[in-house]
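Notes follow the structure.
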There are 2 protein chains.
Amino acid sequence: MDIEALKAKNPEHWNKAAAIRALTLDAVAAANSGHSGMPIGMADVATVLYEKHLKFDAARPDWHDRDRFILSAGHGSMLIYSLLYLTGDPEITLDQVKNFRQLGAKTAGHPENFLAKGIETTTGPLGQGIAMSVGFAMAEEALRARFTKKLVDHYTYVIAGDGCLMEGVSQEAIALAGRQQLSKLIVFWDNNNITIDGTVDISDRTDQVARFKASGWHVQEIDGHDPEAIDAAIKAAKAAGKPSMIACKTHIALGHAAQDTSKGHGALTDADQMAAAKEAYGWTTGPFEVPADIKSQWEAIGSRGAADREEWETRLEAMSASRQAEFARTMAGDAPKKLAGTIRALKKQLVETQPKVASRKSSEMVLEVVNPIMPETIGGSADLTGSNNTKTADLGIFDIENRKGRYVYYGIREHGMAAAMNGMALHGGIRPYGGTFFCFTDYARPAMRLAALQKVPSVFVMTHDSIGLGEDGPTHQPVEHLAICRATPNTLTFRPADTVETAEAWELALTQKSTPSVLVLSRQNLPAVRKENKAKNLVEQGAYVLADAEGKRQAIIIATGSEVSLALEAREKLQAEGIGTRVVSMPCMELFEQQDEAYRKRVLPAGPVRVAVEAGAQMGWDKWLCGERGKYQKAGFVGMKGFGASAPAEELYEHFGITADAIVEQVKALL
Amino acid sequence: MDIEALKAKNPEHWNKAAAIRALTLDAVAAANSGHSGMPIGMADVATVLYEKHLKFDAARPDWHDRDRFILSAGHGSMLIYSLLYLTGDPEITLDQVKNFRQLGAKTAGHPENFLAKGIETTTGPLGQGIAMSVGFAMAEEALRARFTKKLVDHYTYVIAGDGCLMEGVSQEAIALAGRQQLSKLIVFWDNNNITIDGTVDISDRTDQVARFKASGWHVQEIDGHDPEAIDAAIKAAKAAGKPSMIACKTHIALGHAAQDTSKGHGALTDADQMAAAKEAYGWTTGPFEVPADIKSQWEAIGSRGAADREEWETRLEAMSASRQAEFARTMAGDAPKKLAGTIRALKKQLVETQPKVASRKSSEMVLEVVNPIMPETIGGSADLTGSNNTKTADLGIFDIENRKGRYVYYGIREHGMAAAMNGMALHGGIRPYGGTFFCFTDYARPAMRLAALQKVPSVFVMTHDSIGLGEDGPTHQPVEHLAICRATPNTLTFRPADTVETAEAWELALTQKSTPSVLVLSRQNLPAVRKENKAKNLVEQGAYVLADAEGKRQAIIIATGSEVSLALEAREKLQAEGIGTRVVSMPCMELFEQQDEAYRKRVLPAGPVRVAVEAGAQMGWDKWLCGERGKYQKAGFVGMKGFGASAPAEELYEHFGITADAIVEQVKALL
């Protein structure tokens, strides 16, 4: 690459881009870790994007109608931090850049959305950024349809690397975006032909241009160091009428001794090589020093959008007060005031009718009353709509011709769905929920973890939650998945026992602002267990006494979901034998853990035998069985010890010994 | 579709295919559940494949040189069961077919490889079959290179549906197969334009032909009901010199009232509609009755390969005894006799040298001595070779021109890698291991679960196993992943503390025959903790006393991996204060759980305070802390309570309070 020619041809551009390159080298060297090559390689693309296209106001990174910039290749985090610092973001100061990757800094190793407003998403696990960007673009379409382009009209830009495109989730994202013709989604592929193990072709020879075209994308190929070509390509992409991929041929670690090598991917900290690279860039100031003229050019870019933002605010203020309030509520992710009353009314009715339905059906019954009063919900399923019961009559289908539709046919793409949901939630203004079988939590895992880490309230509707799904067999029968969800930080795992508990769980899920929820629902019908109407949301405390012991309290049976009715049945039998038995329903362990000790102690007092019943693995239960005033010698578990099998559900419950009689036996053996 | 014309044109073929269709209808009706449409739609393809191409001997489904048939669209399991029964498989009898989806039957809802020899893989979670097939085809290439085509020379055939192709893992598989030009891999795409939610185009408009071509595949498009076209396409695919995809335009549930609809995907049990379909097929016998002439035609197909098999056996017997023995050992998955001695010798040397290295480096040291004596290993990494330390000097690179190479550059495809590993293990003759960061267990999860369910001894080498990875931050720092692996049935999770334990863990992993292992390894250097040479493999018991209390035993500190040295340090401090402290190293909870009670009791006697230390979530530890003679009031945990952060490793350990001093405090607080 002839750097002198690049400099000579576009000197102003070159210097702005060189600022990114120099800051990256300095920050990585100071941290003695990080990834230098990618920000250096993509500095030209980023500079043109920020200078000529990205709609933003650096002083107000929370402006709702800004364009979104997503760094799917999250290891190149210094690209974002450089851009934010240079353009004048209030949070990413020079001190933050100097503290790159240090404890407490906002400039974490990989970008973390919750550390600074200017960072849209948490990326790093490859492919997640491009997959979330589909959700961002869908959210923009849906909100534009709802609030008009006076308020919502922006692009989603993504930088993705070879790693992002090799991850399978990228295919799900590309195909979904192509199907939905998301014309305001523009992806730059950092086509540098380098991965950690060597050149890309040692593991991949996919024709990415042909691949994107096969899914209905507009594709261009350009020199990623030519500012005019970059500008022209972005213009063409905006006009394309479909999602657009710009393949940017770049040199990783441009101008450094490690250029075009795997070494260039990582931390370039050799002092002599750094000096040589800076000399090549024509960069003569000291570490972290950006010449004033270059910094002010960048700051001008940062304030370029201020007028746009002010006009937007004027348009917003011209709207009716109620419209403004609704827009504010929606973007803030606040549930409507009506929600609590709606849930209470539903519960009252349910206690009267005592429906015996599968909890996936219960979930649908809740959605039927919730969706009409929460226009911000967007539901969907990974091709199991009828089984997940996620679609309600009022939603309409989100599609090219109907952006007001609120139901998404995600296709057989659990991972892409979960990531898109996260993207919608991060965009703001949308409360996404999506369904699949609980066992396929496995497919969605990387995105479900990222929901928790990113603090977004996505709702995962996971049905067919145990051997209760029956004949489809062990490939489809979750065993360890409750433990997986419960072990994940900042995740609420709800396994409701009947329709009332399902309504309460949904109410909690829909009012979360920084925690995702997993609703774990049965395939099979469950009897109603809540016989009395309570205005209070009992699931909120995680566990509660559903039926107390009559006479001396000798045993406590703790159960969740489909096993609560077995616990009640066992209690009947034990009481008949004079054994006082309490049944505790524990729909959400995480919330129970958050209660104060006094409450936990009231629900699970010391003394009685404790038996837990759940058609899943024991892991996670020992805490409630023998921890916190429980005793190992007086504790038992009725559940799964290995994988399930293929047979009708009732036979499986019998076969694996998850029955009222087995609970009774267990209790009696411990007494 | 004009069924009469199809029948008239190829009456013999039609009747054979009709047998599959009729058995499918009958079995699904008897089970009152299952998936009728796919076997009915693909019956013609399967019939031609089995009649004219598939190399197999139905009487000997374990013949090593058979072609492999993988039903990636596993819900269509009645296709496999029909084919096995019709061709005369000894295990899948008519009784089994009649007991489709019932408890104890070999004819499970989805195909399960461990129930009958004739079933190559467990499929059902979509995309897994096509992803595993890449491993099957790689195993065939590797074994052919090693044992010559006299012994190994066969094809891998796959039937994949729209669901398989929408799952992201299929892209990883397609790209990997294309890169490796696996010319003996032939995939039939059941192009029926139907998914559960509707026609495919509601969620996907990908041009699959262009997509496969973009990854270097040979592609053909045919009428999937035309036997001549099917035959010609298979011939062309065999001659293509690269992996081949045959897009078969089919009608789901052909000839049934539900043809070409989503309803046709599921269980078609309506008696009148069944009767009408059978009439259309010209099928006049009762349920489960195959006319003798048709059955005998199928049986002739089943025995077609007997002569081939006998010739193969003759070729095998003509080889030297040692060659035969090595082939038998390799295919049986038995470790070489030398392994135990090799590990013992390494341990002896390690105790002398006491290396302070990261356990990922320890793992490499073990592989350096193991790979040369185990030619059946095939290693690899998802583009983190230098970080996972998975490549040893002797392996060579598995590539188009070097099928003797034993190291695979899998690319950034954790999921595809894990699935391919499972395929290699299922094929037989290969012991696969592959590496990525432990946090990306999330990406590989669906295949890791399937390894456990399928009972294959894949070895997952998971490095950078905690906040000890440092600056890359919480997106890359596992917290809940130990709990995830431990909660999964039939999985051994090893977290060794030093090089000796790593060697012992590897020995156990390499001698498993039906259980996958996860090796959880540190990024950071760890001091040697095993000071004495023991011939015995101490990891085999899961946990053992590493350092006993001096004086009265007041505390037991239990730790794994990188935290064992902290435990030893804490013990020093406690002993200095006169507090007798035992340190238990627990590299494998699952194996400890399998020990008899007497042993567990010796290692963890009742009485002393127990503190567990692990830089992960607490879930899974309560059992050892307050279960089995432990007491809640005398138990503590030092570990992670939420996600990690981005900073140097030592600072993070300090920040999250995982230090020797914190352990000392915890013990003293409980005394």
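Backbone N, Cα and C define each Cβ position, glycine as well.
Site annotation (TrEMBL): substrate is bound by A:His35, A:His265, A:Arg360, A:Ser387, A:Asp472, A:His476, A:Arg523, and the candidate from A:His256, A:His464 recorded at this site is A:His464. Among A:His75, A:His218, A:His225, A:His427, only A:His75 appears in TrEMBL as part of the thiamine diphosphate site alongside A:Gly124, A:Pro125, A:Leu126, A:Gly163, A:Asn192, A:His265, A:Phe440. Among the candidates A:Asp153, A:Asp162, A:Asp226, A:Asp231, the residue that TrEMBL annotates alongside A:Asn192, A:Ile194 as binding Mg(2+) is A:Asp162.
Those binding-site residues from the list A:Pro125, A:Asp162, A:Gly163, A:Phe440, A:His476, A:Arg523 that have a Cβ under 8 Å from chain B Cβ atoms: A:Pro125, A:Asp162, A:Gly163, A:Phe440, A:His476.
A:Ile194 (Mg(2+) binding site) has its Cα within 10 Å of the Cα of these binding-site residues: A:His265, taken from A:Leu126, A:His265, A:Ser387, A:Phe440, A:His464, A:Arg523. Within 10 Å (C-alpha to C-alpha) of A:Leu126 (thiamine diphosphate binding site) lie the following binding-site residues from A:Asp162, A:His265, A:Ser387, A:Asp472, A:His476, A:Arg523: A:Asp162. Under the three-state DSSP scheme, A:Leu126 (thiamine diphosphate binding site) falls in the coil class. Cβ proximity to the Mg(2+) site centre (mean Cβ of A:Asp162, A:Asn192, A:Ile194, cutoff 8 Å) flags the following additional same-chain residues: A:Gly161, A:Asp190, A:Asn191, A:Asn193, A:Thr195, A:Thr199, A:Val200, A:Ile252, A:His265. The Cβ of A:Pro125 (thiamine diphosphate binding site) has 28 other Cβ atoms within 10 Å, all protein chains considered. Taking the C-alpha atom of A:Arg523 (substrate binding site) as reference, the shortest distance to any of the recorded positions A:Pro125, A:Asp162, A:Gly163, A:Glu414, A:Phe440 belongs to A:Phe440. Counting Cβ atoms from all protein chains shown, A:Phe440 (thiamine diphosphate binding site) has 25 others lying within 10 Å of its own Cβ. Geometry remark: A:Asp162 (Mg(2+) binding site) versus A:Asn192 (thiamine diphosphate binding site), CA distance 8 Å. Around A:Ile194 (Mg(2+) binding site), a 10 Å sphere centred on its CB holds 27 further CB atoms from the protein chains shown.
Regional average pLDDT for the domain 'Transketolase-like pyrimidine-binding' (A:357-529) in the model is 98.
A:His464 (substrate binding site) is 29 Å away from A:Pro125 (thiamine diphosphate binding site) when you measure Cα to Cα. Sequence-distant neighbours of A:Gly124 (thiamine diphosphate binding site) (same chain, 6+ residues apart, CB-CB distance under 8 A): A:Gly74, A:His75, A:Gly109, A:His110, A:Pro111.
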